[in-house]
Amino acid sequence: LPCFVLFCFCFALFCSVPIFLFVLFICFCTVYHIPPHGRTDVASVTPWLAPIVWEGTFDSTLIDSIYKQQNITVATTLFALGKYTRFLKDFLESAEEHYFVGFRVHYYLFTDLPEAIPNVKLGQERYLTVKKVPSLNRWQDISMGRMEILKKLIENELANEADYIFCLDVDTKFYGRWSVETLGHLVGVIHPWFFNVPRFIFTYEHRRESQAYIPAGEGDYYFTGAAFGGSLKDVQNLTKTCREQMNIDAANSIEAIWHEESHLNKYFLYNKPSKLLSPEYLWRDISMSAGQVKIIRFSHVAKNNAEVRPNFKKKLYP
């Protein structure tokens, strides 16, 4: 409301296009908690005016104070099947240090080995629920099966239990703040391998037979399937659509090139995310660096895919 009043006052008083645009910019920055100075070395807004979150594009003190008043709960899902349970200790310990610190978080862990879950001390208003799921012989089935499980979790359990949900890979570790600056109706994370390359490099599904098909020349960003989230309603719609499309592909004996990630990118093409997270929020290798990435907040950990993934066959990108 103060922004709107200021906007109307300035426009009526000066009737000047430059001032109109300036005040509009300030209002936009205030709504999305973006410091007006921002960043000049990276794009911080999409063509459809969704913010892209980088270090230096938000005021952590301001945005924390706003969300503290809302008493929010963030559900966070993890899948640790087979040998992936080995990554849980680092994930949970680092999350307790950096992930939504000071806010209520409920982890939902899906595993076929509940007896292998490490004992990690959680902070106040931090909860862990372990759910047993069947073992699977193909890592691709584990990946694609997540959408159905997430859809059912939201429908059956989370309606009165959480306000937002994030779905994160477990073979990861937090190294810096990941908090309320990431919240939005529908949130995607730009893949760290593709944030500064031309669109023709993106590994979309280009076979017309697949429901994940994206025509050549189309697409905005390439999003990782290792981290996405948003409001319960928006993520439920995402998981429902992706699962339906994967079922159609399965009936036609086709599997998208990057499985659920391909379907996620198709969904985001036609259902634009309301907020994008920069590769700070999902890096591929903590030992690598890039000029635009001032801080690595969350990263995959080094692993031998052939050793931890069942039925692993190497592709051009892991």
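Even glycines carry a Cβ here, placed using N, Cα and C.
Not measured: the values here are computed from a predicted model.
So that you can see what the record holds, here are the features copied from TrEMBL:
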- 7-34: transmembrane segment (TRANSMEM)
- Tyr84, Asp169, Val170, Asp171: UDP-N-acetyl-alpha-D-galactosamine binding site (BINDING)
- Asp169, Asp171: Mn(2+) binding site (BINDING)
- Glu261: active site, nucleophile (ACT_SITE)
For the residue listed as 'active site, nucleophile' and Asp171 (UDP-N-acetyl-alpha-D-galactosamine binding site), the CA-to-CA distance in whole Å is 16
With an 8 Å cut-off on Cβ distance to the Tyr84, Asp169, Val170, Asp171 Cβ center, who else from the chain surrounds the UDP-N-acetyl-alpha-D-galactosamine site? Leu78, Phe79, Ala80, Phe87, Phe91, Thr172
